[in-house]
């Protein structure tokens, strides 16, 4: 580069010495962001070759840095000449990926006041520019001046040096950083304009910032250039390191800030199964360790009796003779099958013939707690070898079951007399193989049964079957050790099928044949036979399997052999027909009574017949049954457990879980059902109560009582299957649809419920728990009564509960609460409360009054006022149901009749506005002497669990319960209570106080 004829003496004097001092400093550049260098003039040891205009302006000189490395710099010092315009243009700088570029300048500048004769021409600043281009402009074609370059800034020195600094060798190096951008072209030139300063440009460094390539949370993030806008974050997706994986819903990502710092990490990666985190990598689990899932951070040592021989194991294999159950997690220890049961003992009873077994648990459970027992029965020949044994077949019954026993006792029934049995009891657990029951881990016992009737069912011949007699024959038993044929007697027991086995008849004979007479035509009989020697051995023998014989009907009505039973039947039917005809003639016409002795002109005349065919059923008390499991099948259909599909849980029931599901019976469409299950571990009393509920529900057949579809008693768990009411409990349904139903629709729900209660009372059944929550609703607003799980001998429940609880006192009659007496009349009282709940859209009876307060108020004569839009005659019916004397309450037949007529009225009369629920009239003029439940506003707030608002009430002037009772919703809003839930609780409590005023001042309904 041309430098002219020679350097100006002042320029050398003021610039070279400070330059040497500046080079000794060595700049420091702190910061954690990564800087991508685009230009660093100090890194070039050759000439920079920048373009200078004019040639007498900027000049390139050489120097050394603090490490004695040569560097190239530019300087200018034409301070004694006016109107300086000296330009210096760098070479073309590619911007790379940077949009926001930083320019760092290091320079020294002479204080103009220290230069003699430079006043007016010397400057202490210079200008920096940049020019965006797509390509290099070239050294020979400078494009300086004009309006094309963009000015970066006017650069001034923080410190300038003087003549004295030169003598003291003081260092006055300035560093300035400027930002340019955003850039859009491929590169740019920098230009520096001198207007008369004495300046040395020591270093020019151009760079952009980027976020460093890093690994965080086991995710690798590449180097990322910062955005040009300072507030913009660049989202960068990370890549999981080797042997790691991310969450699909939250992949790893970070955000690169404008200053080159990583911000806002989201998500992370986890080491895959078989690997664990170590720093920023995932290393394999060593032998003896495993990791089953990425969700676990570290490898775990192998559980007991298992091992892992390789690196990166995801599970540990079990040692020989050990195994895991399919339901065991990989973290479970390996276990083995149990040893055989110990001390197997038996006892044999003769009548009935039964083999009872009991045993002790195995000495070695295999390390598991899920030990069960399985029985195998073999029938062996009397004198043959053990290998001649055959499976007992389906004839033999096992109680409680043959396999899956947790009990250590079992009974075998329906064994054959005169036979030899071998019974094996195997111990099993979760790792026992499918053939373990027949394996070596069993205990066995061999038993010979005594003599008896060794007949199969098909060995008893039906020789002759007539309308009134049956002839049977069989082969004579000749087993070894059995009574001889000359001394054998036979006992034949028979009874009508469907009758109790306790009401049977017997016939004895010495021959292997018998004819039983005096039977009923067209009747199915059950016959059983046993053989024994005469004497006390009869009771030790068992009867043969039962056979059934159907006697034919009479061939001709006029037969001389016609039985007396047929004659009685014909006479009875004839008498009933005659009696029916007479009663039809004596039928009377009468108008229904309205309770006042006067008829209604619009009432239609109805015909009442005093003669009824006796078809009414009587309720069978489940607790009067000896075995509810047998009794339930008299009224309920036994369902195959495979036909019931459970879909989702509806909540917890009294004895287990309540689910909804589907019932698929052969030849029928799939039916939605509700399924009540009996949970495992229930006591015997709970199991009996569960069966009693099914037995109770199975006796009812009414369109407004929940229908029993069937029961599952031969599977686990026990199930009660009922029809599914898809809209749930009535009280919840009404609360969710408040304001959507008119009074006529609400009243339309009541006649059906009254009809159901009439049906129950006529059967002699007392519900004991009638409430709106025990009424279920299905599509079409069809309501059905449920809740039949309360046993007939249940005592009255406790009546003292919290203010928010469901106290039985809200629905129970006074005699129930005082004496525990239940009757149809007490159900009438509860039905009155249900009518009130319906018309009040499921509101809690007596609002927030406690059970104790309700009992006292009812005893004092307080009765619920009519809900809004409640017809007055319906409220009068409620009051009739709430008569203190049970004998004065209406019967359900009367209630049903009254409600049915109300539903036919075009527009029932509403209650007066002054008597409607929650009267809005002010309470300021009413005496307010006492609140039995609360002594102060603080106590009232404590009962509501809202003590935190005591200061709010005091500050607003509500210091007494009288004042609180007069508050409105607007008053409450002025207290500054922001929680909607708390405001609703306070409004509910204020309403309860207002109700107390009604009670104390006689404003409620008194009876």
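Numbers here mean position along the shown chain, with the first residue as 1.
Positions of Cβ are set from backbone N, Cα and C atoms, glycine also.
A quick note: this is a predicted structure, and the numbers were derived from the prediction, not measured.
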Swiss-Prot tags one of 447-466, 467-486, 487-506 as region 'Disordered' - which one?
467-486
Region 'Disordered' according to Swiss-Prot, located in which of 302-322, 323-343, 344-364
323-343
From 524-544, 545-565, 566-586, which range did Swiss-Prot mark with transmembrane segment?
566-586
Sequence-remote contacts (6 or more beyond its ends) of the region 'Disordered' (323-343), Cβ cut-off under 8 Å?
290, 292, 300, 303-306, 314-316, 359-368, 370-371, 373, 408, 425-433, 436, 440-443
Are there any residues in the same chain, six or more apart in sequence, whose C-beta is under 8 angstroms from the C-beta of residue 311 (N-linked glycosylation site), and if so which?
274, 284, 285, 286, 287
The domain 'SAM' (932-996): DSSP-derived helix, strand, coil residue counts
43 helix, 0 strand, 22 coil
Of the residues in the domain 'Fibronectin type-III 1' (340-452), how many are helix, strand and coil by DSSP?
6 helix, 53 strand, 54 coil
